[in-house]
Amino acid sequence: MNNFGNEEFDCHFLDEGFTAKDILDQKINEVSSSDDKDAFYVADLGDILKKHLRWLKALPRVTPFYAVKCNDSKAIVKTLAATGTGFDCASKTEIQLVQSLGVPPERIIYANPCKQVSQIKYAANNGVQMMTFDSEVELMKVARAHPKAKLVLRIATDDSKAVCRLSVKFGATLRTSRLLLERAKELNIDVVGVSFHVGSGCTDPETFVQAISDARCVFDMGAEVGFSMYLLDIGGGFPGSEDVKLKFEEITGVINPALDKYFPSDSGVRIIAEPGRYYVASAFTLAVNIIAKKIVLKEQTGSDDEDESSEQTFMYYVNDGVYGSFNCILYDHAHVKPLLQKRPKPDEKYYSSSIWGPTCDGLDRIVERCDLPEMHVGDWMLFENMGAYTVAAASTFNGFQRPTIYYVMSGPAWQLMQQFQNPDFPPEVEEQDASTLPVSCAWESGMKRHRAACASASINV
């Protein structure tokens, strides 16, 4: 396990009674009299530990391998490494990051079915053996570059009910799977298991059942060909926040019986998964500052009974956009909703508004329409559930820098992380400590932020 002390974490350790919300307000207050009101994140590492406890309870047979691509922030990876999770890496760079933090190669799966030969060789030279494939060409590459690899066959699934579909790009059909297994046997390459991914934002948990059933078929094919497969990877697609139609426990409530049916506990099959957004989405809150404002007058309709306020809309420009943190709107099908840092007056008027990023691109729009009280340059907007597929894909287009991330952790969360590193960590401690962890940036009832009335839903995770 990775033993490290507070000094190794670039993290603010919260005093008793303080939460991530307090740090966010503190950072805003610190720059209130300055012109440098840059966008920033507050990330609650304790929220990630709470998610891990929740995972252990909901999917006790499934070992999580965190999808590094979702958020490769070093503090996130290090926190999860301390809990003993594995890691789903998609490239040489991600493998380097994870191994630089002391994670052994046995806790890494190179889960990219289409790999560059030089990166396959890098994995071989650094002890990473588990890797996925879905084609004969990939088999040939691995046979030459990493003959001792432990291969996992990625199969296609019905991801028609997912927001982000992956089977259009990855996965072998059942018919092709048999041919690939036979070819792997000819090449003397060891196939140790099967993987699949039902897609992100899956709205039908029965998709998992069908995929697990298909995986069982491929296991049986493997046995007929002569492989003794022992690994099932059920992929990702687990929600990372509560503002979704299908809750995490609703999904796991369907997965567990399917696993027991097709891969019972006495089958000798190890089961892993590749959660990404599940762990990090709700841990991050983004604060952006209004840097410009434009009033747009609507064309007069001639109606006498129209409220004068309805004749204008507001355009707000903030210092992060779709080329930065909000790339999730373009690439992850996210719908974001702002929170107001200042509580509006009860009788304050609301206006039709739109929110735009800082770049020169006319497509840099964050929210097409929402109802907000009139705001001003220098005011702050907050966006919750911004930990997944945001900072990892942010660019510096137009010279706009990525927001700073301020990590926080409570005392109980820190103690829990130390307990995770104890090999004798008892299951009963897990539930006991879950309730002691503080609420993160999903504000407690007495401190709730005022939520703007937007046409779009909260971020889709």
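Note: Cβ is positioned from N, Cα and C throughout, glycine not excepted.
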Open item on the list: Among LYS69, LYS92, LYS121, LYS185, which is the one flagged in Swiss-Prot as N6-(pyridoxal phosphate)lysine?
Closed with: LYS69
Open item on the list: According to Swiss-Prot, SER200, GLY237, GLU274, PRO275, GLY276, ARG277 bind pyridoxal 5'-phosphate; which one of TYR110, TYR122, TYR389 is annotated to that same site?
Closed with: TYR389
Task: Whole-number Å value for how far ASP361 (substrate binding site) lies from ARG277 (pyridoxal 5'-phosphate binding site) (Cα to Cα) - done: 28
Task: Of LYS69, GLY276, CYS360, i.e. the recorded positions, those within 10 Å of ASP332 (substrate binding site) when Cα atoms are compared - done: none
TODO: With an 8 Å cut-off on Cβ-Cβ distance and a minimum sequence separation of at least 6, pull the same-chain contacts of TYR389 (pyridoxal 5'-phosphate binding site), or say none.
DONE: CYS70, ASN71, GLY276, ARG277, ASN327, CYS328, TYR331, ASP332, ALA334
Open item on the list: By a 10 A CB contact count over all chains shown, which of the binding-site residues listed here is most packed: GLU274, ASP332, ASP361?
Closed with: GLU274
TODO: Mind giving me a neighbour count for SER200 (pyridoxal 5'-phosphate binding site)? Other Cβ atoms within 10 Å of its Cβ, every protein chain shown.
DONE: 26
